[in-house]
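Undergrad: The structure that follows is given in the form of structure tokens.
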Amino acid sequence: MRVPAKVNLALNVGATDNEGYHALGTLFQAVSLFDDLVARPAEAGVFRVSFRGEGASGLPTDDTNLVVRAARLLAGTCGTGNLGAEIRVHKRIPVAGGMAGGSADAAATLVACNQLWGTSLDTGQLHAVAARLGADVPFLLHGGTAVGTGRGEKLRPVPVRGSFQWVLALSHHGLSTPAVFREFDRISPPQPTGIDSGLLAALADGDARRVGALLRNDLQRAAFNLQPELADVLAMGREAGATGALVSGSGPTIAFLAGTKAVADAISDRLVLSSRVRAVRRAHGPVPGARIVN
Ligand code: C5P
């Protein structure tokens, strides 16, 4: 299984509901930074996960892990007590990076276990299970570029012309999504959640310059308050010629849109020199969601 990361080209944060979740209007794009996952059969009721690669040593592997919860929830939904799985994940998506790495692994787990167990849930049924695991999990099943509403789980694919080049600046430290939303609530009133029609038109036209000018993330200021050095990183990439730049999701990864490959080279050449940046990754989007590969 191969599953991509995501960036949010828009992350518009509205009011909270009675469970403390925010109404979102978001524009997701799946990008070519992938986790690989293999699922093998295990004894009935055994759901185990192990990780290697990027950030693997810091991840919990007990029942709180989203991969274990995804496998267990799928088995429970299918209603037979004889299912189990041993899941291995090779991580490249940064942990706690605002690129939905945990949600991506959960989405991949659902597709992998559905295949392994022959449970034959269709796309709509998998989507319903995914939505119970987290707001970003349904999008990582589908991939591409899509508007997400509700908590982010109600998806509408949108047309995109061509491919967009991204440069991703990874941070030394993670950020907790709930902490970033709490900081947003402290410093900002709820914002209008409608997605800018100009942004959708620019995507449909494949116009990176217009897309770059219209990127919006309402969580950005909250992320900057929690990691002030991120503002410098963002300024660095802009100076190097980025067409657009924003914090990815709840951060701390910063995503730079590059109009050409030469500009992407210039941005990454600049960022690798900065002590504030742990690593730089190149990616393009959109790409498909969780899928079976050889
Ligand atoms: O859905 P997920 O578990 O990925 O969300 C992580 C956290 O992000 C939630 O516990 C909540 O604090 C915050 N969140 C939110 N509103 C959303 C989605 C997430 O407040 N629509």
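Placed from the backbone N, Cα and C atoms, the Cβ positions cover glycine too.
Straight from TrEMBL, here's the annotation block:
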{"type": "ACT_SITE", "residues": "Lys6", "note": "active site"}
{"type": "ACT_SITE", "residues": "Asp136", "note": "active site"}
{"type": "BINDING", "residues": "Pro94, Val95, Ala96, Gly97, Gly98, Met99, Ala100, Gly101, Gly102, Ser103, Ala104", "note": "ATP binding site"}
{"type": "DOMAIN", "residues": "65-144", "note": "domain 'GHMP kinase N-terminal'"}
{"type": "DOMAIN", "residues": "200-271", "note": "domain 'GHMP kinase C-terminal'"}
Undergrad: When neighbour density is defined as the number of other C-beta atoms within 10 angstroms of a residue's C-beta, which of the binding-site residues Ala96, Ala100, Ala104 has the lowest density?
TA: Ala96
Undergrad: Here are some binding-site residues: Gly98, Gly102. Which one has the most Cβ atoms within 10 Å of its Cβ?
TA: Gly98
Undergrad: Out of Pro94, Ala96, Ala104, give those binding-site residues positioned within 10 angstroms of Asp136 (active site), comparing C-alpha atoms, in sequence order.
TA: Ala104
Undergrad: May I have the DSSP-based helix, strand and coil counts for the residues of the domain 'GHMP kinase C-terminal' (200-271)?
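TA: When I sort the residues of the domain 'GHMP kinase C-terminal' (200-271) into the three classes, I find 42 helix, 11 strand, 19 coil.
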Undergrad: In whole Å, note down how far the CA of Lys6 (active site) lies from the CA of Ala100 (ATP binding site).
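TA: Between the Cα atoms of Ala100 (ATP binding site) and Lys6 (active site), the distance comes to 6 Å.
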Undergrad: Would you identify which of the recorded positions Pro94, Asp136 has the most other C-beta atoms lying within 10 angstroms of its C-beta?
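TA: Compared across Pro94, Asp136, the most Cβ atoms within 10 Å surround Asp136.
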Undergrad: Whole-number answer please: how many Å between the C-alpha atoms of Gly98 (ATP binding site) and Lys6 (active site)?
TA: 8
Undergrad: Taking Lys6 (active site) as the reference, which of Pro94, Ala96, Gly102, Ala104 (the binding-site residues) have a CA within 10 A of its CA?
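TA: So the list reads Ala104.
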Undergrad: Count the other Cβ atoms sitting within 10 Å of the Cβ of Lys6 (active site), across every protein chain shown.
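TA: The answer is 32 other Cβ atoms.
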